[in-house]
Amino acid sequence: MSGATKFIKCVTVGDGAVGKTCMLICYTSNKFPTDYIPTVFDNFSANVSVDGNIVNLGLWDTAGQEDYSRLRPLSYRGADIFVLAFSLISRASYENVLKKWMPELRRFAPNVPIVLVGTKLDLRDHRSYLADHPAASAITTAQGEELRKQIGAAAYIECSSKTQQNIKAVFDTAIKVVLQPPRRRGETTMARKKTRRSTGCSLKNLMCGSACVV
């Protein structure tokens, strides 16, 4: 990248209690908050290096509760990328991606790309937790990938704030999606229509194992 450092505004959205704030705190401080405090993350801005590119990454946290529905879209102005999160142990948060969040994002920011993120990966296969929480419903990787296709997200990543698995990958991926020129994104879409070979994907370098699907 040449010239001035590019500023990227990244806004996290999703149902309340899916772990958006925890994800941001873990990414910026490498610490996992032990107590749940709704949306206490201050807006964050710092220079980040990804694949040799230095960008100034701005992170915006939003509250998912209905009480904030009128105020929340104010954070969307100027967004370059959305990190749309749902919990891998909450069927309701998964379903709300289509029912609630996509209509809202497409109304207020129709052309902004999305990275879909499944949070609380460490609990999906945690048998004792699932046994103690009958209302919990595990979402599979295949279901997450299907949702990614439905909403047209640029990538799908599963992560855990508690173990910090793939936390950095979430935001590295968001940065890479923004840095990829729009023309190239269009070419990627056309390539996928013409061939099913994975080698035609210009986002191939975003792959980060089985928990990250592009």
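Cβ atoms are placed via backbone N, Cα and C, with glycine included.
Annotation note: T62 (GTP binding site) sits in a coil segment as assigned by DSSP. Here Swiss-Prot flags 14-21, 61-65, 119-122 as GTP binding site, drawing on similarity to another entry.
Residues annotated as motif 'Effector region' in Swiss-Prot, with sequence analysis given as evidence: 36-44.
Local packing around the binding-site residues A17, L121 was summarised as the count of other Cβ atoms within 10 Å of each Cβ; on this measure the leading residue is L121. Annotation note: G14 (GTP binding site) sits in a strand segment as assigned by DSSP. Cβ-based neighbour count (10 Å, all protein chains) for G14 (GTP binding site) stands at 25.
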